[in-house]
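Undergrad: Annotation source TrEMBL lists domain 'FHA' at 22-70, 108-157. The annotation domain 'ABC transporter' is assigned in TrEMBL to 194-428. What TrEMBL records for 527-546, 566-587, 607-630, 650-672, 681-704, 743-763 is transmembrane segment.
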Amino acid sequence: MSVLRVTVGGVTQHFPPSAGDVRIGRAAGANVVVPESRVSRQHLVVSYDGGWVARDEGSSGGTWRDGVQVSEVPVDGAVELTLGGPSGPAVSLATGTDGAPPRPPGTIRVGRAPDNDIVIDDLLTARHHARLTPNADGWFLEDLDKHHQTFVRGADVETAQLREGDVVTFGKVRFVVTGDGLLPVPDSPSSGGLDVTDVHYALPGGKVLTSGVSLDVAGPRLVALIGPSGSGKSTLLRLISGELEPSQGSIRYQGIDPHRQQEEVHGRIGVVPQHTIAHAQLTARKALQYAAELRLSQDTTAAERRRRVEDVLAELSLAEHADIPVKRMSGGQQRRLAIAFELLTRPSLLILDEPTAGLDPALVRQIMTGLRELADGGRQVIVTTHDLAHLDLCDDVLIMLPGGRVEYFGPPDGIAAHFGTGDWADIFERLNAATPPPPAPATAGPGLSEWVRRLNPLTWLDRLSGYGRPDAADARRLARLGTAAGPRAVGEAPEIVGPQAIDQRRRRQQTWVLIRRQLRLIWADRGYAGFLIVLPMVLALLTFAIPDETGLGRPTSPGSTEAMRLLVVLVVGAAFMGMAATVRDLVAERRIFRHERAAGLMPDAYLAAKITVFCGVVLVQTLILLRLVYWFRAGPEDGVLFGTGNVEVGVALGATAIVSALLGLLISALVATPEQTMPPLVVAIMAQLVLCGGLIEVTGQAVVSQLSWLVPSRWGYAAAASTVNVTELVPNAPDDALWSHNAVAWLGALLALAVLGAAYTWLARRRGGARPGSQSRLRARNGRSA
């Protein structure tokens, strides 16, 4: 059976010959709706009479094929038409055999695979995404792939009873429910633009950052935001992107609140920050490939991702620079690469913060011309800029006053008439002289009852027990969205999906991608990789500073303390290797992490990948260190658990290195810049040296003994000393119960290391943003710096 496939705006619909005439036009009653002003209400009809034929219905703009107006076209194979003119919206017609498997009568299947009834060309959508089954109340929707989100009336659902007029979103493609099924709403500015109405934003202290901002951006346009410092340009961008919530007023993009419905708007809005968001060591192509794996649908194939990456590189004229490391690209190329990351998901709204800052005039013109081309390609582009020489490339200019008020919004050629001058120095002088709005009433601080609640131990216990629980996180998310948690009756409202159904596979997939990316980052930085390889060799050489007798074995001369001193070098060396590997890692990537998190990266996956890779790295370093030392020094005579002391000492040193690596990640999460990591690193290493127990006696000393419990070297040294039997081999050794030559002491030291490691990880997770509820605090910090 010859089936007609009609594709408009990336959405494909199938029509068998039994469906009758297929009408295409702007009218809501058409089989295929094309909501463009150049398209007539009844523009084109495709009929079957032994073969499919497309006929123009006397449209005002005509039907065009290859730049030639046509009135009738046989559909034999694939036919590309444009409606309303040679540059009008495209309609693809194709015929083929319906190879779909049998299904219940009336059922509609939606997804990316070609055997669906409605095929969506969107890499954020699953291959087989959802199924709609007709019933007495309308349509019953089932999400077929629990790892991809489906939204009904703004709620993330697993199953839902649909009624006529409901809006359903698969990936980033929206449909309106009708009595006959689903009517696609193209993801384009023409199907609903940006509507900002009387938006105010003030900090808790009362400082006003935006005041009464209103603008309506309809259709593909390039809009420039300019104004003096403190005029709220960056704050307005954060409000539009959903990063901040307005104190008053409303923001809608295609009818969606970008703050309260962030998950649904994900993929429609692309945000390009001013700073570089790619790892400097990677090539542009490799960085985009990893980003595609993290951002696109989990069931996309490698070929689909490669094709999308190559399309983006070609669109931004980066193909010839794609295999150059990012650090060697020019400033303009790096800015275009930042845009490329956002274009992977084909957003219809692109927001850029100062993309021309710091560039020479030629690169500025190149960037602004590229943004003009992106807008001409059917997108809305909003950019903050201090470049005044290329405003003629923009459709509209928004000029803001200090305090975030709008002074002018309109075409560039109307600016001179509005201000009475075309001299920008005079214009900015007038803008700076404007009186800022009065401060908003300060937000009242917590009252006595709130402080009592906060200080209640039961409140803290509830917080600690709730963090990390998917149900607690989901309850907070639903409360923020104003949606009641828990399943409801199918006839009442969409059933809310538990986050476990979606997050587990997504977390594993992202973790695997990030592990591979981290390994490539280490290998690509040859200097850093060389440091990691040489470090255990240098530490092994330091052991030669200790006079050689019998290493960790039984000494031949009375009074030898070689075993204690050698263990200090080994244990503190393992601690140093762990901390040195990780102490700069999180803080060096903080800007990249925050941007990737806003684009859908799961913080738990990010931290898990870091821990996995660096634990592996420090274990390899420990093996190298021990192998070199054992070539020249004897190992312990026997163990307490495994029978061989060499293995037990290796386990103790490996555990010390791993927990120290976790301590390094915690320090990296706490500091603000990479330069600030050195002082805490030095202090931590000195603490590990002094408090390990092998340099000075810590047992029985008040405060010192308790402080030693907090450092990994104390427990790593205790485990190794237990295996070596230091208290027997070294005369006058401290009578430390943790060094007892038995399995209980050895296992107890390892258990303490595990507890320390878990505590360091938990603290790094909370400080680094990988915990429920942290996004609002991140937004608050961003708002204060806006």
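From the backbone N, Cα and C atoms, a Cβ is placed for every residue, glycine too.
Distances, neighbours, how buried they are, the whole picture for these features please.
TA: According to DSSP, the secondary structure content of the domain 'FHA' (108-157) in residues is 0 helix, 25 strand, 25 coil.
This prediction places the mean pLDDT of the domain 'ABC transporter' (194-428) at 91.
Using a Cβ-Cβ cut-off under 8 Å and counting only residues 6 or more beyond its ends in the same chain, the transmembrane segment (566-587) has close neighbours at 532, 535-536, 539, 542-543, 546, 551-552, 593, 610, 614, 617-618, 621-622, 625-626, 629, 633, 649, 652-654, 656-665, 667-669, 671-674, 676-677, 680-681, 684-685, 688-689, 692, 694-695, 711-713, 716-717, 720-721, 724, 726, 764, 768.
Within its own chain, the transmembrane segment (607-630) is flanked in space by residues 507, 510-511, 514-515, 517-519, 522, 532-533, 535-537, 539-540, 543, 551, 566, 570, 573-574, 577-578, 581-582, 585-586, 646, 649-650, 653-654, 657-658, 660-662, 665, 761, 764-765, 768, 770, which lie at least six positions past its ends and keep a Cβ under 8 Å from the stretch.
The list of residues near the transmembrane segment (650-672) in space but at least 6 beyond its ends in sequence, with Cβ under 8 angstroms from a Cβ of it, reads 570-571, 574-588, 607, 610-611, 614-615, 618-619, 621-623, 625-626, 680-681, 684, 688, 712-713, 715-717, 719-720, 723, 746, 749-750, 753-754, 756-757, 760-761, 763-764, 767-768.
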Undergrad: What counts of helix, strand and coil residues does DSSP assign across the domain 'FHA' (22-70)?
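TA: Computed counts for the domain 'FHA' (22-70) are 0 helix, 22 strand, 27 coil.
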